[in-house]
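Below: the structure, in structure tokens.
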């Protein structure tokens with residue numbers, strides 16, 4: 001599908017909700033640029049930019065990266081894509097960040113993946129990660145071609161400490177507490193669309209149909 005005008009979307013969902021898989025399908029089907037906040041943060045840390053060093057200092061000290069620092073890093077990259085349609089993944093995570101994004105860009109829709117916590121806990125404890133890139137595999141539904149090795153580099157995969165059941169439970173509760181106000185913020189603006197389910201392959205057709213309808217209505221308005 002070739003878009004008739006610039007289209008901006010945000011995707012939200014807890015870790016293990018299938019957000020990465022759905023994002024990849026959206027960007028491929030609708031020809032959007034996938035902007036991952038995690039990729040941007042890693043690139044800034046690796047490049048030792050001023051903001052990257054400030055962020056690394058916070059992380060090393062076990063502190064949360066301040067909202068204004070996060071916003072400056074992400075919005076600086078988005079400014080370079082002023083004439084592009086994109087899907088933003090991993091940002092915003094607080095109302096402050098959502099307001100900063102709104103001040104800079106008009107967000108057409110926010111896709112929220114609502115997957116039961118028990119389903120996510122089962123998924124996450126089956127996760128294996130390629131640490132240098134952040135690529136994630138799941139032995140149940142997205143296994144690597146060669147067990148224990150990354151598809152792209154052939155390097156070893158590891159199971160992260162924070163994928164243990166107790167840690168996963170804490171992470172999910174923290175995500176819920178942090179992002180519920182953000183979901184309410186977008187709900188009040190009339191741009192939030194929530195998709196509920198336990199399997200990514202069953203959620204995806206509903207996401208795809210919604211975006212086709214959304215983009216068709218936008219195309220008609222432009223015409």
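Quick reminder: no glycine exception, Cβ is built from N, Cα and C everywhere.
Under the heading GTP binding site, TrEMBL lists 16, 17, 18, 19, 20, 21, 127, 136, 137, 200. Residues within less than 8 Å, Cβ to Cβ, of residue 18 (GTP binding site) and separated from it by at least 6 positions along the same chain comprise 113, 115, 200, 203.
Taking Cβ-Cβ distances under 8 Å and a sequence gap of 6 or more within the same chain, the neighbours of residue 160 (AMP binding site) are 127, 129. The AMP binding site annotation in TrEMBL covers 37, 42, 63, 64, 65, 90, 91, 92, 93, 97, 160, 171.
Here TrEMBL flags 127-162 as domain 'Adenylate kinase active site lid'. Within the same chain, residues 16, 20-21, 38-39, 42, 168, 171, 200 sit at least 6 positions outside the domain 'Adenylate kinase active site lid' (127-162) and bring their C-beta atoms closer than 8 Å to a C-beta of that stretch.
Tertiary neighbourhood of the region 'NMPbind' (36-65): same-chain residues 23, 72-74, 76-77, 88-91, 134, selected by CB-CB distance under 8 Å and a gap of 6+ residues from either end. What TrEMBL lists as region 'NMPbind' is 36-65.
Among the features that TrEMBL reports, region 'LID' is placed at 126-163.
Neighbours of the GTP site: apart from 16, 17, 18, 19, 20, 21, 127, 136, 137, 200, residues of the same chain with C-beta atoms within 8 angstroms of the site's C-beta centroid are 15, 123, 138, 142. Ranking the binding-site residues 16, 20 by the number of CB atoms within 10 A of their own CB puts 16 at the top. Residue 91 (AMP binding site) sits 13 Å from residue 20 (GTP binding site), taking the Cα positions as reference. Taking CA atoms as the reference points, residue 37 (AMP binding site) and residue 20 (GTP binding site) are 12 Å apart. The distance from the Cα of residue 63 (AMP binding site) to the Cα of residue 16 (GTP binding site) comes to 23 Å.
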